[in-house]
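**Student:** Let me give you the structure first, and then I'll get to my questions.
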Amino acid sequence: MTQREFMLDLPLSPVPKHEVLDTGAAVLRGHAAMQATDMLAGIKQIARLSPFRRMTTAGGGMMSVAMTCCGAAGWCSDARGHRYETHDPMTGQSWPALPTAWRAWATDAARLAGYDGFAPDTCLINGYRPGARMGLHQDDDERTDAPVVSVSFGLPAMFQWGGLQRTDPVRRIPLLHGDVVVWGGLSRLVFHGIAALRAGQHPVTGPCRYNLTFRRVW
DNA sequence: TAGTTACA
DNA sequence: GAGC
């Protein structure tokens with residue numbers, strides 16, 4: 001049972017570096033619940049090849065979220081900044097393949113949210129433990145003509161959805177196991193993040209939250 | 001600035 | 001929350 005629960009509209013003001021038309025993010029409550037078992041098993045497989053690791057940011061800080069990737073491109077950050085890499089710097093190998101079934105599923109989820117023809121070439125996998133957080137940022141490293149499809153599993157998290165300026169007011173949206181958020185166009189440049197994860201126990205993931213984001217990089 | 005810390 |  002899928003539904004677009006709500007649309008978040010943005011102010012039409014400053015238009016940064018990209019030409020854009022649409023302005024919202026859609027939340028599909030529980031849309032990935034049926035995929036949980038399969039996707040979590042897939043994550044385990046992927047992590048055997050490219051383990052979860054905590055990356056460093058340009059400022060020298062260490063991220064609290066543990067990450068890995070699959071697909072043609074992997075998001076990497078170190079003291080020099082962040083970019084996409086074709087190979088996992090930790091192993092020297094290509095990133096694990098993006099499972100075919102995941103790709104098809106993400107295409108469908110994007111379509112439900114109003115984005116036809118989404119063909120992701122990567123999936124970033126984030127692992128959250130209690131206290132882990134994702135600071136406010138924009139998704140401006142990928143192709144701007146494709147949406148981002150974000151899937152949540154495990155412990156609840158508080159999604160922060162701000163505006164085009166870092167200092168814009170932030171809306172807080174709880175994301176639960178199986179929830180999917182889709183955004184594209186102008187909303188790629190909306191500052192967003194995840195508040196520090198509250199400790200807890202989830203029947204499927206235990207003390208963790210996992211987030212998958214499907215993207216088109218190349 | 002996908003970061004942490006200091007201070008009002 | 002603002003500033004770096």
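Cβ from N, Cα, C; glycine included.
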**Student:** Given that TrEMBL lists A:His137, A:Asp139 as binding Fe cation, which residue among A:His31, A:His192, A:His202 does it place in the same site?
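**Tutor:** Same Fe cation site in TrEMBL: A:His192.
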**Student:** Using the Cβ centroid of A:His137, A:Asp139, A:His192 as the reference point for the Fe cation site, which residues of the same chain not in that list have Cβ within 8 Å?
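**Tutor:** Residues close to the Fe cation site, other than A:His137, A:Asp139, A:His192: A:Leu136, A:Gln138, A:Arg188, A:Val190, A:Phe191, A:Gly193.
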**Student:** Measuring CB to CB from A:His137 (Fe cation binding site), give everything in the same chain under 8 Å that is also at least six residues away in sequence.
**Tutor:** A:Phe191, A:His192, A:Gly193
**Student:** Go ahead and report the DSSP secondary structure tallies for the domain 'Fe2OG dioxygenase' (A:119-218): helix first, then strand, then coil.
**Tutor:** 5 helix, 44 strand, 51 coil
